Amino acid sequence: MQHNFTDFQPLVILVFCWIYIRKFQSRRESEVISTITAICALAIALITSALLPVDIFLVSFMKYPNGTYKEWAANNETRGQIEDTVLYGYYTLYSIILICVFLWIPFVYFYYEERDDNNVNKCSQVKNALKYTIGFVIVCVALLLIGGQWHISNSLPDFPSTDGLPALSFSISSLTLIGMLAVITYTAYGMSVMPLNLIKGTRSVKYERLENTEDIDDVEHQIEKLKSKCQDGRPLSSRDRNNLQELEGKLQVLRRRGRHLEIAERNCCTKVGSALRPFKILLGIFFILVALLFTIALFISNLDKALHSAGISSGFIIFGTNLTNPLNELLLALQPVFPLDYILITVITVYFVLTSMAGIRNMGIWFFWIRLYKIRPKKTRPQALLFLCMILLLIVLHTSYMIYSLAPQYVMYGSQKYLVQMPSPGPTSGNTTINTSRICDADAPEDQCTVTRSYLFLHKFWFFSTIYYFGNWAFIGAFLIGLVVSCCRGKKSVIEGEVEADDSDFSDDEYVH
C-alpha cells in the first residue's frame, strides 16, 4: 500500500496544482504557456517538500525498534546506495528549481510581458524575453562559480563530509536566504490569519447588501448635490470636479460590490459554508494551537542553540537537543506506532505550504512598500501566478531548515536507535553486560546512526546557518505581530478580494462572474 500511494503521489500533486491554478487564474487574461509553467512550478515545489518526510522515513526504516539494523540494511554498501539515491533526488529537484527560478519562469514572464506590444512578432517576442532573462542566468552562473571555488575548509568544522556538488549547494543556500525572507513575510502571517479567519468567519451577506445599498444612496445623494451647483450653467470649481470624480469612482465600486453580493447570496457555496460554521471554528482552533506549538518549539530550539552552541563561528549548530522540545518529543513518542511519526512530519510539511499560500493570498505580492499583484479567485493575472509559484519555490527551500529547527533531533536521525552495552544489574552478574537501546543523538557511534541527507545538505556552509538562526527569531516576531493584527481585524467580507477600490494597473482587470 505504501508503494501504491508513492506511485500516485505525483499525480495527486499535479491534480491539486491544476485545480489551485485554475481557481485563481484570470478568465479574461490567460495563456497556455504561463498556465503550464505555473502548474509545473507549483508541482515541483510540492514534490520537493514531500522529499523530506521520505528522507526521514528511509533512515528510520533501516533499523528495528530495538536498535539493530534490518537484514537488508546491515551492509554498509546497501545503506550507502540508499543515502546516495536520496541525495541525488535532492540534487535533481534542486537543479530543476534553479532552472525554474533563473531561466524558465523569468523567460515566460518576460515573454508574456512582451505580448502587450501588438507590433512585436513571435521571434522578436522570444528574443526580447531571452535578453531580459540573461541577467538571471548570469546571477545563477556567478553563484555556481562561487560555490564551486569554495574550499572545503570553509564548511562547518568537524562536520561529516559527503560527496556532493558544492556549487549547487551554495546556489540553493543563496536562494534559501530569499526563501527565508518570504517565510518571514508570508508564512508567519499565514499561520495567524488562516486559523483566525476560520474562527471569526465572514460577515452576513444580507447585512452587507443592506449596508452597500445605503452607501450607494448616500453617494448618489452627494453626486446630485454637487451637480445641482452647475444647473444654472456655471462651471464647477476644480475642487468640486475632483470630488465629483472621486464620488463617481466610489459609486462604480459600490455598484460592482452590489452585483457580487447578489451573486454570493444566491451561491450554494455560501449556504454550505454557513452550515459548516461549527466545523470551521474547530478547525481554526486546531490550526492556531498548531501554530502556537510550532512557535514554542522554534523558540526553544533557538534558545538551545544560543545556550549550547559554539556561536556565530559554528553557525549555531548543535548535534541533538539539550532542552526539552515539545514537538521533537511528540515525534519521538509517536515513533513506536508506525506510521504516526511519518504522518505527522508530512502534515507539518503540508501545513507550512498551505499557510504560505494563505499568507500570499491575503497579502498579495509586494516589492518593498509597492503591491505589484493581488491573488484573487478567477481574476489573477498570469504574471501574478508566476510570481506566486516562484515565491512558493523559494519558501519550500527554506521549509526543510524550518522543520529541522522545530524538531532537530528527529529531523537529523528520525526514529533510529542504537545499542549500548551496559553492566548487567544484580550482585551476581560479575563482568557480564547487556545491550540496551537508546535514541540516536550526537553521542552515538558514526556507524550506528545514519544522518538524513537533508541535514547534510542544509548545513554545508556555517554562515548560511548563522543567517537562518537569526531568521528564526525574525519569524517568531513576525508571527506574533501578525497574530495581533489578525485579532484586531474584524470579520472579512463574504466577497473579500473580489472588488477592491485600490485596484491598480498591476492588478488584474475587473471580471464579473
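Backbone N, Cα and C atoms are what each Cβ position is placed from, and that goes for glycine too.
Annotations in TrEMBL come from automatic prediction, not curation.
Copied over from TrEMBL:
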COILED    209-264  coiled coil
TRANSMEM  33-62  transmembrane segment
TRANSMEM  91-112  transmembrane segment
TRANSMEM  132-152  transmembrane segment
TRANSMEM  172-199  transmembrane segment
TRANSMEM  281-300  transmembrane segment
TRANSMEM  342-372  transmembrane segment
TRANSMEM  384-404  transmembrane segment
TRANSMEM  461-485  transmembrane segment
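Remote same-chain residues near the transmembrane segment (172-199) are listed as 94, 97-98, 101, 143, 280-281, 283-288, 291, 294, 352, 354-363, 366, 391, 393-399, 401-402, 457-458, 460-461, 464, 467-468, 471, 474-475, 478-479, 482-483, 485-487, 492 (criterion: CB distance under 8 Å, separation of at least six residues from the stretch ends).
Of the ranges 91-112, 342-372, 384-404, 461-485, the one with the most Cβ pairs under 8 Å to the transmembrane segment (281-300) is 461-485.
Scored by C-beta pairs under 8 angstroms, the transmembrane segment (384-404) has its highest count with 33-62, from the stretches 33-62, 91-112, 461-485. For the coiled coil (209-264), the model's pLDDT averages out at 80.
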